Amino acid sequence: MDGHHSPRRPPEREGSHNYDIESTDGGGGPWRQNVSSSEALLRYSNNGGGGGSAREPLLRKRTMNTTSQIAIVGANVCPIESLDYEVVENDLFKQDWRSRKKTQIFQYVILKWTLVLLIGLLTGLVGFLNNLAVENIAGFKLLLTGNLMLKERYLTAFFVYGGCNLILAASAAAICAYIAPAAAGSGIPEVKAYLNGVDAHSILAPSTLFVKIFGSILGVSAGFVLGKEGPMVHTGACIANLLGQGGSRKYRLTCNWLRYFKNDRDRRDLITCGSAAGVAAAFRAPVGGVLFALEEAASWWRSALLWRAFFTTAVVAVVLRSLIEFCRSGKCGLFGKGGLIMFDLSSTVATYSTPDLIAIIILGIIGGIFGGLFNFLLDKLLRVYSIINERGAPFKILLTIAISIITSMCSYGLPWLAACTPCPVDAAEQCPTIGRSGNFKNFQCPPGHYNDLASLFFNTNDDAIRNLFSNGTESEFHMSTLFIFFTAVYCLGIVTYGIAVPSGLFIPVILAGATYGRIVGTLLGPISNLDPGLFALLGSASFLGGTMRMTVSVCVILLELTNDLPMLPLVMLVLLISKTIADIFNKGVYDQIVVMKGLPYMEAHAEPYMRHLVAGDVVSGPLITFSGVEKVANIVHALKITGHNGFPVVDEPPLTEAPELVGLVTRSHLLVLLKSKMFMKDQVKTSGSFVLQRFGAFDFAKPGSGKGLTIQDLDFTDEEMEMYVDLHPVTNTSPYTVVETMSLAKAAILFRALGLRHLLVVPKTPDRPPIVGILTRHDFVEEHIHGLFPNLNPHKFHSTSMGG
């Protein structure tokens, strides 16, 4: 809706400006010839940088709001908008900065630092309470089941165990399906898209925050093979958004002194800090959190933001450390050392030689292959799940219950396949384990024996990872046990991710990677000096590199998790190898999910086929433009029949000697101006002083995630409709412009780097109208370009663009 239609589109479209979707303009729906609004959602993607063909539609026919592009957010379909990251430099803005006193500027800076402090405190607190709840709920469930098994009431134990899991899973799915469908999944793709400039209703709403916290607690406690780390990133972003928009009007939580942050630019900074805080709270990895935000989440970065994000994660680390010290006194129930995952491997002395490096290279290759396969299978399965999930909330809950039953049967049933092993004489801890967590689970074995498969399955995921990472336990796990566990976790990790429960991929990937790392370590034991626990760590790194394609942040997170700095060179090597191998097959998992959800994400590099086009080729026209002094009826009509968010303002005679581009006026500014009813009887240019006296810059501030002003909220008399309004004071007089002959590739890089919503295209020759059209996010989308140029085959250029 950024103001344009295309002459290349079929005639019946003309005038139906609703199709020219603004920011919605973007990402998943090709507006193709002969496409009705309900069918405009066929998703195609380039299959991760290599060749690739058109894919099956992820979403079927839909009757939705046609004035907006649509994408999947969480487990629901929502209209999406672009965000206004650009500074609107109009007369009001300039006057506001001229009149701003030093005390106000100081207040703004202090407020920003106060907010990042609050984000750190709240995210750290939520992270701790999340862990506390999971450890106690899951611990109670495991103790109850374990006590029944000691009495040899095995069938009763299974029903208690499966029943607890079922109730927890159904509760998580119910609150997610009915209260906030946007909370399903990890939330990292949505946060990534938001920071790229894509907004969708309820991505960061208070209801999403509530469901993300409690749904994650219930989901992890239900024994699913999923983690709370991805949801913690989304939780941190939601907390930052809630603070940054001055609270929530809907829930009567508002603060007027936060009005400084009623714009997308400041919110973007805070949400970047929030996502960093989420990782720091999930892994107790403050530096890893900052690097995650820089490498994976943020599309736009500057040094001041690095400093603020670092401060936020430092606050999180201090909060977690102090709360864990408090729990050491035994006041936190079953919250043991298992709580906030920290797998200390620092006692292991890592000395490695050439044969070890061969083993590391093998691990990296395996991680890349398994990671590529994991992403491929997840892609296929999510497409199947979307068909089930779109049938409504009851189907989402039924799917979750089905996966819960399968998970319970695996984690209770598979340990029966393992033989009982006599306890090692030199065991560092009690064997068999008494209580909830430990390396040696008794399960169905006689006294003095333990079941190694139960030690992995019949534990929380954090404890299972701790057991796999443990050193000095070369003979603790049988090879058959590790193969069974790897197969189960790999498959369950894939089938669990698409259900309507807040779920992260970090833990399933670390679990599966640690298992095959241990397998490789055991097989290569004769030629390698490394402990199997260290091989498990390197296996986790290789699988993380193979699925998520992050290198620096994963490396630092793993080192902070395990407190094992001597392993740094090996972790770096294995990550680089696994990422390189996996990139041959497809994109990283979050990039794939962004494409699949139809979020119009703009990559940092332009696609090669864009070099063969210029800005004038894809820009849409004829335009809807306004005169500098425009009739009220014309503005109201344009706002009602279009979904555009930006309109060029062109002064024409008698206001100027020749047509002249004044700038760009946004829908939200027009609505505020119309609501004030400051109209004139004649079409004359004013000084604008009465507008400057009547309004302050904050009157035009963007509302938060709640509903803003719409044209339907305003009523005008016939007399008012015939009057005029001066648009000059609210027009952005310095919009970004490009000449129509500029390469589309360069325009795309400029658009992405500056975080724009509108990019005006001006003519090359002076004897034409002063504006050719507007480029929006939608105009850079492959499907849109392919719709205009059906003979252009983008895929034939892709092989040259691998990896950007």
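Using N, Cα and C of the backbone, Cβ positions are placed for all residues, glycine too.
Any TrEMBL annotation is an automated prediction that lacks curation.
Looking at the stretches 270-294, 395-419, the one that TrEMBL records under the feature transmembrane segment is 270-294.
Segment annotation: TrEMBL labels transmembrane segment over residues 132-150 (candidates 132-150, 569-587). Ranked by Cβ pairs under 8 Å to the transmembrane segment (506-527), the stretches 132-150, 203-226, 270-294, 300-320, 482-500 are led by 482-500. Mean pLDDT for the domain 'CBS' (610-683) in this predicted model: 89. According to DSSP, the secondary structure content of the domain 'CBS' (731-791) in residues is 21 helix, 12 strand, 28 coil. Below 8 angstroms of C-beta separation, residues 73-74, 126, 130, 133-134, 137-138, 141, 164-166, 168-169, 171-172, 175-176, 179-180, 182-183, 187, 190-191, 194, 232, 234-235, 237-239, 241-242, 248, 250-251, 253, 271, 403-404, 407-408, 411, 460-461, 489, 492-493, 496-497, 501-505, 507-508, 511, 705 of the same chain, each at least six residues beyond the ends of the transmembrane segment (203-226), sit close to that stretch. Most Cβ pairs within less than 8 Å of the transmembrane segment (358-378), among stretches 105-126, 157-183, 270-294, 482-500, belong to 482-500. Proximity of the transmembrane segment (105-126) to the transmembrane segment (300-320) is established through 3 or more Cβ-Cβ distances under 8 Å for residue pairs spaced 6 or more apart.
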